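According to TrEMBL, the feature domain 'Cation/H+ exchanger transmembrane' maps to 2-356. Taken from TrEMBL, the feature domain 'Cation/H(+) antiporter central' applies to 412-545. Annotation source TrEMBL lists domain 'Cation/H(+) antiporter C-terminal' at 548-710. Feature annotation from TrEMBL assigns transmembrane segment to 26-48, 60-82, 94-114, 126-150, 156-175, 195-216, 222-239, 270-298, 305-323, 335-355.
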Amino acid sequence: GGFVLGPTVLGRIPGFLRTLFPYRSLPILEVIAHIGIIYFVFIIGLEIDPSSLQRTGKYAIFAAACVMFPFAVGAISGKLVHTYLAIETNKSSFLTFLGVTLSITSFSVLARTLTEHKLINTNLGLTTLSTAMFIDSWAWILLSMAFSLSSGNLPAIMWTMASGMVFILWSVKVVKPAVLWVSRRKQKGEVVGELSASVILVGVMVWALLADAIGINAVSGAFVYGLMIPYGPLGVALIERVDDFVEGLLLPLFFAICGLRSNLYSVSNVWAAVALAMVALLSAAAKVAACMSVGYLYDMPLNDRFAMGLLMSTKGVIEMVILKIGRDMEVLSEQAYSILVVMSVVVTIAVGPLLKLATTSNRGQASYQRRTIMWPDPNSELRMLVCVHNTRNIPSMLGLLEACCPTKRSPVFVFALHLVELTGRASAMLVVHDTTGSASSSDPQQLHKHMIQALESYAQRAAGVTIQPLTAVSSYSTMHVDVCGVAEDNCVSLIVLPFHKQPTVDGDMQVINPAIHSLNQSVLANAPCSVAILVDHGLSGPHAVHHVAVLFFGGPDDREALALASRMAEHPAVSLTVFRFIPGDDSATLPSMRRYGSNYSDEVLTLEEDEENEEQLDEAYITEFRLKHVSDETVVYTEKVSNNAEETVAVIRSMEGIHDLYVVGKGGGSSSPLTEGLTEWCECPELGPIGDMLASNDFNANASVLVVQQGMQEHEMAAGMVEESPRKPR
């Protein structure tokens, strides 16, 4: 907007700028914009967790490469354009400013770009964000060095750098203890008062003034001040007070000022301008090359390396700040300033389409062997994604996890994903927590802390369990993309979702949030692996005795449910009963013939063949299950004969009050004459006919229900496997 209103476009109209922006108004606008950028940089400092920077690893190597490669390109190539762009300052200052400008990455813009492309919850997104956090921290050190070098006076340079070190040490020793004291009061439940918040926010301006006075610039002081405040409850409270005002009003004004000061008509040497533009493009290419090189050392996929290089080339507020400071200090000429501003916008705009191409070709092709429970070695690691909406979901999920019998021989890796509805923030975020309860880039609120503490407590007691807590903040309409993305990128075999209803005191089921109902349906339709919906009727916590029942009608979902129950049967405190429903002599057969009548077409023949294949697979897997548990007294297999849906319901109702948990397949019995007519009465189709009946208020069993849907790719594999091995699936 500022670029269009400035001297390059509309400013060419005679009298336009003097009318819209009188000379006396420009200083006021610049002061307000400068205040906005000071507080925005303070917010950036708040959002960075200094403790996470201590866990360096590959992120520090990525950051170093992404800084050094473009810095070298900018510094070396800048010599060619320094003379031709009429820059009067000394060459070392110009080269330092140019190198810093081209090497940094905008952390805030990057987070929003990852969110828009649904990459923030992927390994690529987490690696890129962590690397950008390092670069943002180093950028201010490099910028302070550039300020010092701009004077060209060696004593002044030494004084500025020494003063900066003293300033930082004083901030750590004096400011941080005081802020931590206020933060501890906030964590004890006390609300941050108006006086405390006002003192802290006024301190931003004081630190900016002190930093400007010693020569390291006001924005660096605001950034250091933000780093001193822990991003916990206190940091959240401060951001809530100033974020909307700063980012909604003051920050756009700063961008407008940057655009107003850009004038492409000031470029007199076209070839020098082209050379500087090429330098900017080469620096972006250098970042791509850096990520490609370092990513190769860590065995990153080629597309991920290329996408990370593109992401690290995003520019934003910080680069505009550096360019504006360089222009104010006359380190950059009007020509160089205008060209670099335009190139920043061009490069950032180009990142989006190129990133979409890179990620589109990569996503969808990713595959992993373990998408379901039944196909691989039962003793291999089971990777589960457990979704949680509130604290009431945690005990039932831990009870289910314990029932899955994690051991050192057959471990379970759990990704515990806390789903939070996006309310008011401009971008969704996914946060990786460490098991000590701290977050790497965003604050876990009270519910996050309870979840992490419960998971940590369970993981310490149980053997063979590894838990990675995550938090996804998104709107319910797109939340299924986050869930499926985490499952795909982490090779998850089973997604466990809580039901959208919870039991009340009187035993009825009450809807928590209708949006959760739609979310579960979307996950079932798009999941790359098996999915289970847990209907909690008071499932006991860890180390409780479970009486588990499997209702087996046939089909891939029922086989997957039986595979999960087979794993539960390994638990010494779990007794398992498998009820296999078999059609009686009087049951209707071939419903497809009744449906099509005399038109016995090829489609009906194909349907018959599919049904025969499914029956062979069912028989093979039942045989394998019985042989595996033939000597296990806690596992009981029984067959129930039924002729119609009424007899099936009667058999199931006879089980009321016996079992703690029912494990059923979503598609179990959906095409069977034994359940014909039940589908029409389904209140929740995502549970299937049997699961819906067990979860209804009419079924007074007071038992939890786990409804399983097998991964879609395995449905397709099943038909081809019958020809190879009709007795035992691979």
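From the backbone N, Cα and C atoms, a Cβ is placed for every residue, glycine too.
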Would you kindly list the residues that approach the transmembrane segment (60-82) from elsewhere in its chain, counting only those six or more residues past its ends and only Cβ-Cβ distances under 8 Å?
91, 94-96, 98-105, 127, 131-132, 134-135, 138, 142, 272, 275-276, 278-279, 282-284, 286-287, 289-291, 293-295, 297, 308, 312, 336
Which of 94-114, 195-216, 270-298 has the most Cβ pairs closer than 8 Å to the transmembrane segment (222-239)?
195-216
Using Cβ atoms and a strict cutoff of less than 8 Å, what residues sit near the transmembrane segment (270-298) while being 6 or more residues removed from its termini?
58, 61-62, 65-66, 68-70, 72-74, 77-78, 80-81, 84-85, 98, 102-103, 105, 304-306, 308-310, 312-313, 335-336, 339-340, 342-344, 347
